[in-house]
Ligand SMILES: Nc1ncnc2c1ncn2[C@@H]1O[C@H](COP(=O)(O)OP(=O)(O)OP(=O)(O)O)[C@@H](O)[C@H]1O
Ligand SMILES: CC(C)(CO)[C@@H](O)C(=O)[O-]
Ligand code: BAL
């Protein structure tokens with residue numbers, strides 16, 4: 001496995017990869033969700049590049065850029081075990097040699113709602129770095145988790161609208177046995193908060209249980225779970241559907257939830273039969 005930290009090192013390593021190349025963009029602090037992306041990439045391509053970059057551009061001024069978990073040695077070992085050919089792990093100055101870029105990708109209206117409403121500028125930062133990473137790694141396919149569903153939807157939209165010619169593959173959310181969606185930010189939770197955080201997946205399950213009764217019933221069922229869970233404060237719960245306003249993607253309805261447990265903000269989502 002080659003570890004490239006500069007554009008030159010990456011370009012050289014990329015030159016030696018033949019056949020179908022997949023990229024898995026990450027911010028490190030790898031867990032089983034990332035491993036699932038790496039395995040999917042491995043089985044769908046001849047070579048896998050993993051990028052590891054905690055992108056300052058997508059963090060708000062009061063967010064957790066400084067404290068975001070960094071587990072470099074462990075990440076390298078996991079990537080190696082999963083058959084990654086090249087890791088691209090640039091320093092901030094390598095990615096943004098002229099400082100924060102003045103030109104950024106505009107995510108459009110979908111970038112201003114849900115995560116974009118709570119985290120202004122977040123999707124400008126995500127799409128800008130993803131575009132740069134796609135240019136630098138020149139993959140045939142790029143793999144993203146459904147856990148960050150709005151992000152996945154916007155990456156697909158960027159690739160479509162800007163003719164990037166990369167296959168975007170969505171990978172189902174990996175969960176703990178009790179339902180909690182794996183997330184690097186779960187490490188911020190105390191043991192008690194870890195239990196409280198189950199409100200997100202329990203709310204999705206409650207909504208699924210009233211599936212067939214419509215979006216309002218599903219939202220109400222999810223809301224009730226939060227009302228009964230002190231310590232979990234709901235940011236939003238929405239059902240996306242072509243007939244119900246913002247529809248991140250054509251296809252079956254989906255419930256998207258964001259909530260705060262203590263100071264940790266968590267998201268989750270699941271398909272919903274209405
Ligand atoms: N539980 C999961 N199942 C599948 N994919 C996941 C999961 N968690 C994260 N991913 C995907 O891994 C990729 C890299 O995500 P990232 O490194 O930000 O991890 P994360 O756990 O989402 O971190 P954070 O807690 O900061 O949101 C993204 O495409 C993301 O959707
Ligand atoms: C796609 C991504 C690597 C861009 O920084 C990040 O948003 C993430 O890890 O989901
Ligand atoms: N996991 C998506 C990136 C972020 O929350 O910053």
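The backbone N, Cα and C atoms fix where each Cβ goes, glycine too.
Whatever TrEMBL says is automated annotation, not expert-curated.
As given in TrEMBL:
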| type | residues | note |
| --- | --- | --- |
| BINDING | 27-34, 145-148, 174, 182-185 | ATP binding site |
| ACT_SITE | 34 | active site, proton donor |
| BINDING | 58, 151 | (R)-pantoate binding site |
| BINDING | 58 | beta-alanine binding site |
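Everything TrEMBL records as a feature, shown here on the structure.
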residue: 27; record: ATP binding site; DSSP class: coil
residue: 33; record: ATP binding site; DSSP class: helix
residue: 58; record: (R)-pantoate binding site; DSSP class: helix
residue: 146; record: ATP binding site; DSSP class: helix
residue: 151; record: (R)-pantoate binding site; DSSP class: helix
residue: 174; record: ATP binding site; DSSP class: coil
residue: 184; record: ATP binding site; DSSP class: helix
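In the structure as shown, the Cβ atom of residue 146 (ATP binding site) sits within 10 Å of 19 other Cβ atoms.
Put simply, 174 is the one of the binding-site residues 58, 146, 151, 174 whose Cα lies nearest to the Cα of residue 34 (active site, proton donor). Distance between Cα atoms for residue 27 (ATP binding site) and residue 151 ((R)-pantoate binding site): 14 Å, as a whole number. In this structure, 27 are the binding-site residues from 27, 33, 174 whose C-beta falls under 6 Å of some atom of ligand 2. By the rule that a residue counts when its Cβ sits under 6 Å from some atom of ligand 1, the recorded positions 30, 34, 174 yield 34, 174. Nearest to residue 58 ((R)-pantoate binding site) in space, judged by Cα atoms and limited to the binding-site residues 30, 33, 174, 184, is 184. Counting only same-chain residues six or more apart in sequence, the Cβ atoms lying under 8 angstroms from the Cβ of residue 184 (ATP binding site) belong to 27, 28, 29, 31, 68, 69. Each of the recorded positions 27, 33, 34 was scored by how many other Cβ atoms lie within 10 Å of its Cβ, and the smallest score goes to 27. Each of the binding-site residues 30, 174 was scored by the number of other CB atoms within 10 Å of its CB, and the largest score is that of 30. Each residue contributes its Cα atom, and for residue 174 (ATP binding site) and residue 151 ((R)-pantoate binding site) those atoms are 16 Å apart. A separation of roughly 18 Å, to the nearest angstrom, links the Cα atoms of residue 30 (ATP binding site) and residue 151 ((R)-pantoate binding site).
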